[in-house]
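Participant: So that we are looking at the same thing, I have put the structure below in structure tokens.
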Amino acid sequence: MARRAAAPVGPLGDDFSFVSPVVKYVLFFFNLFFWTISMVMVAVGVYARLLKHAEAAMACLAVDPAILVIVVGILSFLITFCGCVGSLRENICLLRTFSVCLTIIFLLQLAAGVLGFVFSDKARGKVSEIINGAIVHYRDDLDLQNLIDFGQKEFSCCGGVSYKDWSQNMYFNCSATNPSLERCSVPFSCCLHDADQAVINTMCGHGMQTRSYLEASAFIHTNGCIDKLVNWIHSNLFQLGGITLGLALPQLVAIVLAQLLINQIQDQIQLQLYNQQHRADPWY
């Protein structure tokens, strides 16, 4: 039986491309999706800031949820812009910027998780510092106030370590010189509520800081939110791990796709250079 002759080997034609349309457009639409989300986040954050009173808004920038939304939205916008345009235009520089930024964010998330686990006491102290700062500015920011009330209701807690932490707030402070009508009180979100209660009594926490733990426990939650939060995290480690993995997996996929597309573009550039060099060859 005659052996089949081998196909001649030569330079690939100009119509051949190493760049896979599947990789290119999957990466493009992936970034386009998150690019749209980031623009919405920035718009919502800016709108929330504009609705606030200027003096109150400037008083607590460090604990303002709107600022956090704006910052995260801007960073996401810039990173996904690089990935979106870089994949569509096959721009190696933008794709590398996108890949490096995602890699840094992934490593920072990983480091934060490891450090939070290893240095749990310091992490607890940082959480306590953030909660105490939020308590101080409770009445200064409506978004922050709603966030604290939501947390205290969901975790059935009050304050950072205990309900008496609310004395750090100028309106709830228990000093004799405090003229506030809410002196020695706690927010209504600390109160015990019946399931069938239709109308919430917003003054239910009045004067609770003057009562002992045993007396106050009949009307409000006396345990602090820090312990409740730590216990909740310990009880939901697998669920939190799944959420973390769900957030990290798209990042890893995007990094792999970006690197794959970069390699394909580099191979295409080498092919074009090779073809250009051999066009002058009379045997080409």
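The count begins at 1 with the first shown residue.
In case you wondered, yes, glycine gets a Cβ from its N, Cα and C as well.
TrEMBL: automatically predicted annotations, no manual curation.
Annotations for this protein, taken from TrEMBL, read as follows:
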- 25-48: transmembrane segment (TRANSMEM)
- 60-88: transmembrane segment (TRANSMEM)
- 94-119: transmembrane segment (TRANSMEM)
- Cys158-Cys174: disulfide bond (DISULFID)
- 237-262: transmembrane segment (TRANSMEM)
Participant: Let me spell it out: take the transmembrane segment (60-88), skip the flanking residues so only those 6+ beyond its ends count, and list any with a Cβ under 8 Å from a Cβ in it.
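Facilitator: Apart from its flanks, the transmembrane segment (60-88) reaches 24-25, 27-28, 30-32, 34-35, 37-42, 44-46, 48-49, 52, 94-95, 97-98, 101-102, 105, 130, 133-134, 137, 140-141, 143-144, 147, 254, 258, 261.
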Participant: Within a 10 Å radius of its Cβ, which of these disulfide-bonded residues (Cys158, Cys174) has the fewest neighbouring Cβ atoms?
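Facilitator: It is Cys174 that, of the disulfide-bonded residues Cys158, Cys174, has the fewest other Cβ atoms within 10 Å.
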